[in-house]
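Undergrad: Structure below; questions to follow.
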């Protein structure tokens, strides 16, 4: 099994789309608050402090768009950002953070699971993995949930500037995908060096509805 490789072209690299300014449009702390924008949605999910909000800020060229904190568990609701009325970017709460009450963790779990299972407009899920930590059990559970609900996803290794050799990560991803019998993009991104930002934008731009 091989991962797909995105080769951005002038028409698909996402530069035109991400030239527009994204804006925060809604936050949902429970399932009843989840909005329906009737636009394609792409979601970012991963462990707490994996860099979801920072990555959204990087690809949108706005360091103040999604709130960023060095404290794990800061994102406590689903945040929705509108990009040019063409795409909704969804920042999900992180999972696996221990230093919150069990009731809060359960609430986040219900919220994340419900959104991933039920969002009608969800087109692509970006499963973020910390390059320094590798794929953990919680990540595998999320991947299982996505496959069970026929959700398309791609693996994004964050903080790639913190590791010197991507081969071990590549092999780990390949073995993981083989166990799932699934093939998808595997990317390496760094908010500091901007590595992988162009390829990621290209994959997201493909989720836009075609012009009629």
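Any Cβ shown, glycine's included, is placed from N, Cα and C.
Per Swiss-Prot, the features are:
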{"type": "DOMAIN", "residues": "38-210", "note": "domain 'EngB-type G'"}
{"type": "BINDING", "residues": "46-53, 73-77, 91-94, 158-161, 189-191", "note": "GTP binding site"}
{"type": "BINDING", "residues": "53, 75", "note": "Mg(2+) binding site"}
Undergrad: Write down the Cα-Cα distance for residue 93 (GTP binding site) and residue 53 (Mg(2+) binding site), rounded and given in Å.
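TA: Taking the Cα atoms only, residue 53 (Mg(2+) binding site) lies 10 Å from residue 93 (GTP binding site).
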Undergrad: For residue 189 (GTP binding site), which residues of its chain lie six or more apart in sequence with Cβ-Cβ distance below 8 Å?
TA: 55, 58, 156, 157, 158, 160, 195, 196, 197, 200
Undergrad: Could you check the binding-site residues 53, 77 and say which one's CB has the most other CB atoms within 10 Å?
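TA: Comparing the binding-site residues 53, 77, the most crowded Cβ belongs to 53.
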Undergrad: For residue 77 (GTP binding site), which of the three DSSP-derived states applies: helix, strand, or coil?
TA: coil
Undergrad: Restricting to the same chain and to sequence separations of six or more, state which residues have a Cβ under 8 Å from that of residue 159 (GTP binding site).
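TA: Residues satisfying the criterion: 51, 130, 131, 132, 190, 191.
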Undergrad: Name the residue among the binding-site residues 46, 49, 52, 93 whose Cβ has the smallest number of other Cβ atoms within 10 Å.
TA: 49
